[in-house]
Amino acid sequence: MDDLVREELPNGTRRLFARDAQGGEAGFAVIEPGRPGQPAMVEVQVRPEHRSCGLGGRLVRAALDEAGPGAYLWDHENSPASQAIVRRNGLVPVRTLCQMRRWLAYPPLPEPVFPDGVSVRQYQGPQDDEELLRVNNAAFDWHPEQGGWSIEKLRERLAQPWVDPAGIFLARDEQDRLIGFHWTRTHPQTQTEHKLGEVYVLGVDPACHCKGLGKALTLVGLRHLRDQGLAQAKLYVEQTNAPALATYRGLGFTVHAQDVAYVRG
């Protein structure tokens, strides 16, 4: 196996990859820089035919060295091979994301009930961006990936080809001030998954004390996904976020899988 090759990608992202004897890509690691005060994120993939030869561990060590102190290594598989790499490299878990899923036809989705004075409409374009950014950053000021966005990052995300403005729902108070939003997403069918909806981002302004707003916004988005003909929806939630877990369980979601972030001990 040749030495690892380094590649600089946009926005400070770096990529390390290894080639096999025929020059094909055997595996790679992606290093995404964290925002100020937050750790870098590392993900590693090795092609099945090149596993069990030490390449995964080599990529993990090289990527963590390059990413710097405190970098997170994400494990999306929790397989025996990935757990062996974790043990051999003295990595310890620091964060767990629960992927939860729900069938959209049953149990039936109830009608959303919004607090008095709250109205909901769909995203209408750039005129909504500043308010959307304000609520996002207030709701996720603690979050390594979702918080601390700039207007440029928000608009870059909104410009992605998968974004459907009709699937972004904005909740406003009696003063027409944005107090919460639900951004949904649809994932196309793959070889291993059917077409799938997602509660992509759900944010409520922490200054808003409207009880039940998050639940109502969730239901609006889920009913939209159902009406698009989707059979199932997923979401991701921090394992430590007990109130959110309770809300989603109350709406019929169950844990489908877990993604775990590790750091060097």
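Cβ atoms here come from the backbone N, Cα and C positions, even for glycine.
These come from Swiss-Prot:
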DOMAIN    1-110  domain 'N-acetyltransferase 1'
BINDING   Val44, Gln45, Val46  acetyl-CoA 1 binding site
DOMAIN    118-265  domain 'N-acetyltransferase 2'
BINDING   Leu202, Gly203, Val204, His209, Cys210, Lys211, Gly212, Leu213, Gly214, Lys215  acetyl-CoA 2 binding site
Count of other CB atoms lying within 10 Å of the CB belonging to Gly214 (acetyl-CoA 2 binding site): 21
Alpha-carbon distance [Val44 (acetyl-CoA 1 binding site); Cys210 (acetyl-CoA 2 binding site)] in Å: 42
Under 8 Å by Cβ from Leu202 (acetyl-CoA 2 binding site), same chain, sequence gap 6 or more: Gly180, Phe181, His182, Trp183, Gly214, Leu217, Thr218, Gly221, Leu235
Arithmetic mean of per-residue pLDDT over the domain 'N-acetyltransferase 1' (1-110): 91
Same-chain residues at least 6 apart in sequence whose Cβ lies under 8 Å from Gln45 (acetyl-CoA 1 binding site): Gly27, Phe28, Ala29
Tally of residues which DSSP labels helix, strand or coil - the domain 'N-acetyltransferase 1' (1-110): 28 helix, 41 strand, 41 coil
Intrachain C-beta neighbours of Gly212 (acetyl-CoA 2 binding site), sequence separation six or more, cut-off 8 angstroms: Val113, Phe114, Pro115
In three-state DSSP terms, the structure that Gly212 (acetyl-CoA 2 binding site) belongs to: coil
Remaining residues near the recorded acetyl-CoA 1 site, that is with C-beta within 8 Å of the centroid of the site residues Val44, Gln45, Val46: Gly27, Phe28, Ala29, Glu43, Arg47, Leu55, Gly56, Leu59
Euclidean distance between Cα atoms of Val204 (acetyl-CoA 2 binding site) and Val44 (acetyl-CoA 1 binding site), Å: 33
Extent of the acetyl-CoA 2 binding site in Å [max Cα distance among Leu202, Gly203, Val204, His209, Cys210, Lys211, Gly212, Leu213, Gly214, Lys215]: 16
